[in-house]
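Working notes, beginning with the structure itself.
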């Protein structure tokens, strides 16, 4: 029994997005382009907010951190997914798989909390403008970002701890393109009912708490500004549209996964592609296209 507990498969094999070899080769270039745009877009936003003195404010400090997290989050899965399109044998070592699980939940959990801090920043800026500078000072901004990283790490470590104790001694095929916990845990050579409940509860509590805080923040913003002026609702929406769009894009797939009772393979893979590849690409585009200050900063940079 002790020998079985300690046995570990040396590697896992990804099934990937599809089985058709020709389609996989075709997808290589589009996904390579998507990842390149994600890297350039997010690093450009981070670079712009750091170098342009007009963007040295709490809102853009948090935005720069969001761009960095998106860059890291996408880099955990997308390069491996892209190179695997050209391989017949899509393998990943056991250690690599565990590292991928840790990083996905670290950056994913951190981004959830970071979106809440950005909502808090907008809430203070719109609802208490006279106290904004004193509340959102440099120390507070650094503390908010550190909090998001700490919570992300604690969440990721707790998820990994529940996986590492499981014995993996037989099946090796992961029906995904990265080490997604629900797919990896299916391969354990033991009953994982308790671990599934704990893992889902851990992720569910974090996601639900962040989503509720976001709803409260943006509802408070809309109500406050609507009461203060006749066209307040439109002003509030124009100010927070970018933030709300990013929140919907990030939390939409999460909510669908947790509340949809059935697990359909192609739907799960589509949602996984959406939040690991598409969302990190859209975030810098949304903030750049809808933000006048960033547009002006780009003009100053190229002029």
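Numbers here mean position along the shown chain, with the first residue as 1.
Cβ coordinates are placed from backbone N, Cα and C, and glycine is handled just like the others.
Marked as domain 'G-protein coupled receptors family 1 profile' by TrEMBL: 41-287.
Long-range contacts of the transmembrane segment (26-48) within its own chain (CB-CB distance under 8 A, at least 6 residues past either end) are made by residues 17-18, 55, 63-64, 67-68, 70-71, 74-75, 78-79, 81-82, 85-86, 277-278, 280-281, 283-285, 287-288, 294, 297-298, 301. The annotation transmembrane segment is assigned in TrEMBL to 26-48 (among others).
TrEMBL lists 60-78 (among others) with the feature transmembrane segment.
The transmembrane segment feature in TrEMBL is assigned to 98-120 (among others).
Residues or ranges marked as transmembrane segment by TrEMBL: 141-164 (among others).
What TrEMBL records for 204-223 (among others) is transmembrane segment.
Sequence annotations record features per position, and here TrEMBL assigns transmembrane segment to 244-264 (among others).
The transmembrane segment annotation in TrEMBL covers 270-289 (among others). Remote same-chain partners of the transmembrane segment (270-289), defined as residues 6 or more beyond its termini with a Cβ less than 8 Å from a stretch Cβ, comprise 17, 31, 34-35, 37-38, 41-42, 44-45, 63, 66-67, 70-71, 73-74, 76-78, 81, 104, 108, 176-178, 180, 242, 245-246, 249-250, 253-254, 256-257, 295, 298.
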